[in-house]
Amino acid sequence: MQTHEIRQRFIEHFTKAGHTEVPSASLILDDPNLLFVNAGMVPFKPYFLGQQNPPFENGTATSIQKCVRTLDIDEVGITTRHNTFFQMAGNFSFGAYFKEGAITHAWTLLTNPVEEGGLGLDPERLWVTVFTDDDEAAEIWNKKIGVPEHKIQRLGMEDNYWSMGIPGPCGPCSEIYYDRGPEHGQEGGPIVDDTRYIEIWNLVFMENERGEGLGKGNFEIVGKLPKKNIDTGLGIERVACILQDVDNVYETDLLRPVIDVAQEVTGAKYGADQANDVRFRVIADHSRTGLMLMLDGVTPGNEGRGYILRRLLRRIIRSARLLGATGETLEKFMDTVRETMTPSYPEIAENYERIRAVALAEEKSFLKTLESGSQMFDNWAHEAKERGEDTVPGDVAFSLHDTHGFPIDLTQEMAAEADLKVDIDGFHELMAEQKARAKADNNAKKLGHVDQTIYRPFVDNHPTVFTGYENLADEASVLGIIRDGALVETAPEGAAAQVILDRTPFYAEAGGQMADRGEMTSTSGAARVEDVQKVGKKVWVHHVTVSGGELAVGQKVQATVDKAWRHQARQAHSGTHLIHAALREVLGPTAVQAGSMNKPGYLRFDFNYGEQLTEHQLNQIEEIANGAVDSDYQVNTIETSLEEAKAMGAMALFGENYGSEVRVVEIGGPFSMELCGGIHVEHSSQVGPISVLGESSVGSGVRRIEAYTGMDSFRFLSTEKSLVSGLATSLKTPSEELPDRIDALTAKLKAAEKQIQQLRAQQLQGQVGQLVEKAETIGEVKVLAEQLPEGVAAGDLRTLAMDAKNRLGSEPAVVVFASVDGEKVPFVAAANDAAVDKGIKAGELVKTFGEKVAGRGGGKPAMAQGSGSDAAGISAGIEAVKSALRG
């Protein structure tokens, strides 16, 4: 039975029984503490925790959830039991049925004949386990289902009591095992041999509430849940192994085809060598996981989810190389995964070009450094063994990471293969130093390269009170003044200084929002506030220029934020939230923020996405964001605990460190809800019009949208309107017909340019006969090396060179032509068969020529071409070619 049919039978069984089918959630959820969805019940957590009411008819649901677990990446391939991606089929009840219902459903589906919609497993080969004290479940299995008592084994809390690992719902569970037969191990049930008896289905009877505690079974039961719930999980891949009668998941219809393709690509044979078998299995497992992660929008990166994907893809590439592959291989593996997984996940087909592009870009990037990095490691390992060393130093691992792009896990893997260890602490120290240097340099730039220890007394003893959420002005005391890197008592007129106040209404740069501008005044002077930065997240440092009189430590000042600046900054920041929400509505939940910057009237928003956005998508995003503006949503800020914020559905950034108390900015209820400490408008209508300028790439898998808000958006639209009006007047065409008019003019221009090129080529071709007469003999070779008139494109040069070569006859002959085409210097070399037989290579000649014109080129012995940028070197290039032919 094919895996896709197993999935269908599972869903059909439960939907016929009144369960609501729930599509698989994305592998990526809005949970900063969860790398990937790793269990079938994860999307249902809000219902089990009582945070939301289950919306399912009859109070029951069924799903087949995509899952990824990455703790065992290093074990993948070494054993046949570990996979990074798997499919968890489950049925869920929220007070509708309990133990007897769950047990009956599972047994019926597993043992009913295939012709009746079941999976047709032999009941005699099924064993079950129950929690030690769960007499009720044991009795149901024995009395209701008919499982013999000796096949019902009891286990303790460590094995048969489920919880989420934190205080909350929990309960005993019952697991169903399949006996693979005596050839797989000793008799006696799962408590004796879990290799022979494999777990296929876990039934969790969620009825209690657990308290604090560590470990699987080290906690107390503190109460009963108001409803008794059911959460089950069946491993699709494990059932496929049984029904396809194969030893492990790598032999199933999902992964074996990838191994077969890997054999073709590499020339190695699966099953012939243990080390190579591990590599084959790594390729199969990681190719599937990689594709499914990219399907859900993950792109390779250096942190978090992106790092996991990068690690998986680079393990595939290296494994293929070690098996004997040359060149690029990922596309073939991904193509095979597409074929095996699309029947279950048809969305792969419409997203495949994006997935393929992301994978190939990562492969090209890694192949550039794989060989040099591997050579560096091999050389070091050889020398280290000769010295009797057994540990790769942290600096070597750091160099492989920093220079060659080797994830530390890959270096550890290579070290293990060479019977070496890695100084992982030393590596992390160097990584931390690098990050600290970058952070210190960034902070130093922001703080005017002042030694930050000067701020320590203020950070420790006088944290700034921020009043800017409520006020645009406040009275404050001057606690400190810094000039030229030193604490001073006063700052005179014209001086640039950093001023520290006990309280301030000025927003300091944070969260992508530019700092407020404004002024501070006292009885003795005034200063312009030109920037505000935080030190130690506690002290606001105001960068000022004293505009009159002087400021002094200890005096009172009136700190006033520029009202217009703040208003436009608030528009941009709230506009950023609207753009983010619109992006996710158009592109899906994987379009997660990667960075942002907003200043008065302007915003830019970076997000994880693997391909260029279409004009239609940009228009959709702009329309949705402006629709939110038009809806005049209320903007609310809520200060609450991190857990409560997540329960509310507030979006948090993965990998970001949040405190126990957070601030939630909510725009229009569910439309946008994010953790944010920034300044925002009171109503979405105050953002004003949002004009999306466009989008661009800012790195591998990261795109950027830029937009204007408020009056800047209006001015942009006004300028665009004037531009369109001017074009319409110049072209004597109504504005709505401009696109067609411009297309027609462009087509005419291209046709005219093509005609000019053809006429020029004909003219030059007519002159080829005259050029051939200029050929000279060098040794035994006829050589025609000339600079042609300006404006001859590379393609025409090639045609002319071929014509000239043919006219020079059958004796050894070489042609080298060059021209100046705009800012480029195209050049070409052609050699006839007789010249090639004498060892002359056109590719070598263009390399010689290219050195003189700041260019490069290459090709085959008979024809090669290149391009340079220094037209002044053409004559020298011609002479260099002639010298090379003279020998």
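Here, residue 1 is simply the first one shown, and the rest follow in order.
Quick reminder: no glycine exception, Cβ is built from N, Cα and C everywhere.
Per Swiss-Prot, the features are:
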- His573, His577, Cys676, His680: Zn(2+) binding site (BINDING)
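Mapped onto three states, the DSSP output places His680 (Zn(2+) binding site) in coil.
Counting other Cβ atoms within 10 Å of each Cβ, the binding-site residues His573, His577 show the lowest value at His573.
All chains included, 25 other C-beta atoms sit within 10 angstroms of the C-beta of Cys676 (Zn(2+) binding site).
Each residue in Gln513, Arg570, Ser574, Thr576, Val635, Val665, Ile667, Glu674, Gly678, Ile679 lies on the same chain as His573, His577, Cys676, His680 and has a C-beta within 8 Å of the C-beta centroid of that Zn(2+) site, without being one of the site residues.
If you take the C-beta of His680 (Zn(2+) binding site) and look for same-chain residues 6 or more apart in sequence within under 8 angstroms, you find Arg570, His573, Ser574, His577, Val635, Thr637, Val665, Ile667.
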